[in-house]
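Sequence annotations record features per position, and here TrEMBL assigns transmembrane segment to 29-50, 70-89, 132-149, 156-175, 187-207.
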Amino acid sequence: MAETTRVSSNGTAPRGPYISVITNRTTNLLIRGAMLFGVGVFLALVLNLLQVQRNVTLFPPDVISSIFSSAWWVPPCCGTASALIGLLYPCIDRRLGEPHKLKREWSSVMRCVAVFVGINHASAKVDFANNVQLSLTLAALSVGLWWTFDRSRSGFGLGVAIALLATLATQLLVYNGVFQYTSPDFLYIRSWLPCIFFAGVITMGNIGRQLALYECKVVQEKSHQD
């Protein structure tokens, strides 16, 4: 996406959409990272509120810092992870030379976000006979989300790898008493947690890909106009 800045007759750089004005690649990455961070923080607050209402997670009273019943460190951690994932996915696509085969548009990305929130809502609100049934259902929904909105090998591989790492990190936090899950059924945590992480990785990966694609399209249009 490298581009040479051109100057118009009046000595000023041509103007365009918000990101086309900036030609520095590092600055573009920072803009996309900030947007992904904001999305991650927002989703963390909303989804954590669902979990707390269902009494799935319990934080010690001294770390509850807002009406959203979220420990102060949860939204920044989720925002940082979302930014890294959203920037990593398009980078891996370019490295592997694996273009995304599905039609990419913002409406599809928003549907992906809605399905992800729905999966979280199901884990918090729907009563299942046992944890095995819940885990299998969420696993099927998560794979279905990948198949509907991604279908790339890199997306699936990264989703599984990051979900396993996030589950391990969560297990270590719970083991050290940072927070706890009610009725844990798998090594201090809920067995369905990797499915939620996997769906979240796929969702943020799609958002990151769409932001990168939009940036690329704007730069190309600007080049043609120049």
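From the backbone N, Cα and C atoms, a Cβ is placed for every residue, glycine too.
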Contact between the transmembrane segment (156-175) and the transmembrane segment (29-50) (3 or more Cβ pairs under 8 Å, separation 6+): no
Excluding the flanking five residues on each side, which residues at least 6 beyond the ends of the transmembrane segment (70-89) place their CB within less than 8 Å of a CB in that stretch? 29, 32-34, 36-41, 43-45, 48-49, 52, 59, 63-64, 154-155, 158, 162, 166, 179, 201, 204-209, 211
Residue list, the transmembrane segment (132-149) vs rest of chain: Cβ under 8 Å, 6 or more residues beyond ends. 102, 108-109, 111-112, 115-116, 119, 122-123, 126, 155-156, 159, 191-192, 195-196, 198-199, 202-203, 206
